[in-house]
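Database features, via TrEMBL:
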type     : residues                                               : note
ACT_SITE : Glu96                                                  : active site, proton acceptor
ACT_SITE : Cys345                                                 : active site, S-methylcysteine intermediate
BINDING  : Cys116, Cys120, Cys123                                 : [4Fe-4S] cluster binding site
BINDING  : Gly170, Glu171, Ser202, Ser224, Leu225, His226, Asn302 : S-adenosyl-L-methionine binding site
DOMAIN   : 102-334                                                : domain 'Radical SAM core'
Amino acid sequence: MTSPTEKTNLLGLPKAKLEAFFESLGEKRFRATQLLQWMHQRGVDDFDQMTNVSKPLREKLKEVAEVRGPEVIFDETSKDGTRKWVMRMDNGNSVETVLIPDGERGTLCVSSQIGCSLDCTFCSTGKRGFNRNLTAAEIIGQVWVARKAFMPFEPGADRPITNVVMMGMGEPLLNFDNVVDAMNLMMEDLAYGISKRRVTLSTSGVVPALDQLGEVTDVSLAISLHAPNDELRNQLVPLNKKYPIAELLAATRRYLDRLPDKRKATIEYTVIEGVNDQPEHARQLSKVLKGLPCKINLIPFNPFPESDFRRPKLTATRRFQTILNEAGYITTIRTTRGDDIDAACGQLVGRVEDRTRRSQRYIQVQQVTP
Ligand code: SAH
Ligand code: SF4
């Protein structure tokens, strides 16, 4: 995974890969257990502090490996307790990670890519274009930084991170292997020990990768639907032209059917005023989802400067919710958190140097079509 001059960053290696790494050094596999605990449970990145590892092995590790988390360049807590970190990754680009405390629950929203190539019309990340995939170390590094911020834990205190959602910047299924490695570390008892039900991958619907996902993991699933028919979804989520709603929901069902336990998918629906918020859309949605084990999460659109879309009135969102509730769906409205520190959904932009130059194209389009 590295060139001869580069050191292996052990932070991103799930247990099996870390065991293979130690075997390649001629060491015993149980070293992986020790390293996982030092790195992830205790937040240690200095081999010299790993006191149950022999001195010669520590010296060897220093030559060929490193434990390197992302550099934190911004760390602020909102009035409502939401905490946001901006982390600088290797090529100078930054991504954002948000922790949303809610009673005993602490949900960490993690990014999978720098930018996103899918260009959904209502998403500021998409508008900034795509730069690159994050490595597994950079993805789990966000959890590592957030967890370290609460160390040492007070005895008996609530755990600060109980849930992780892959809902930050990027499309996780387009960075498949690294996201799977990072999610395995989230669920690993020797690392973060988060239950598979509480690790959620959110996708806009890369159907073949969703089927592949079911073969390698059993995390929870959130589907970014946003529209009840293909005509409208084609406009909001361009990927729908490749994988339309019926195919996406069939793949979602296949995924749920494979799970060893009974679980519902979360259907995410960003509600945009005058676009997808009419009672007719709610009725269509209730038909389209019929028979799928799911709950629906309505996300009022969060405006951002480059978008003409507007946030819906709360009454319109409530009316939408009532129709779905009456059709028998558990439906929640996501409250906006962390507004004062720009931590809300769709505002996780970071500073992206766009390899696709989409932001420039977008600005030009905006200028010619006022
Ligand atoms: N790419 C993945 C995960 C990241 S986006 C996906 O699309 O599912 C995570 C969620 O943020 C998506 O459901 C998306 O709809 C939502 N989102 C993006 N921009 C938003 C905005 N401006 N307002 C509200 N929600 C937004
Ligand atoms: Fe990418 Fe998700 Fe934003 Fe769409 S909503 S552009 S898939 S990050």
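The backbone N, Cα and C atoms fix where each Cβ goes, and this holds for glycine too.
Whatever TrEMBL says is automated annotation, not expert-curated.
By the rule that a residue counts when its Cβ sits under 6 Å from some atom of ligand 2, the binding-site residues Ser202, His226, Asn302 yield nothing.
Averaged across the domain 'Radical SAM core' (102-334), the predicted model reaches a pLDDT of 95.
Proximity note: of the listed recorded positions (Glu96, Gly170, Glu171, Ser202, Leu225, Asn302), Gly170, Glu171 have a CA within 10 Å of the CA of Cys116 ([4Fe-4S] cluster binding site), given in sequence order. In terms of Cα distance, the recorded positions that sit within 10 Å of Asn302 (S-adenosyl-L-methionine binding site) are Cys123, chosen from Glu96, Cys120, Cys123. Checking the recorded positions Glu96, Cys123, Asn302 against ligand 1, the ones with a C-beta less than 6 Å from an atom of that molecule are Cys123, Asn302. Within 10 Å of the Cβ of Ser224 (S-adenosyl-L-methionine binding site) there are 25 other Cβ atoms, across all protein chains.
For the recorded site, Ser224 (S-adenosyl-L-methionine binding site), the DSSP three-state label reads strand. For Cys123 ([4Fe-4S] cluster binding site), the Cβ neighbour count at a 10 Å cut-off comes to 27, with all displayed protein chains included. Here the Cα atom of Ser202 (S-adenosyl-L-methionine binding site) is found 14 Å from that of Cys120 ([4Fe-4S] cluster binding site). Among the recorded positions Glu96, Cys120, Cys123, the residue whose Cα lies closest in space to that of Leu225 (S-adenosyl-L-methionine binding site) is Cys120.
Recorded residues Cys123 ([4Fe-4S] cluster binding site) and Gly170 (S-adenosyl-L-methionine binding site) have their alpha carbons 10 Å apart, per Cα-Cα distance. The separation of Cys120 ([4Fe-4S] cluster binding site) from Ser224 (S-adenosyl-L-methionine binding site), Cα to Cα, is 10 Å. Residue pair Glu171 (S-adenosyl-L-methionine binding site) / Cys120 ([4Fe-4S] cluster binding site) shows a Cα separation of 11 Å.
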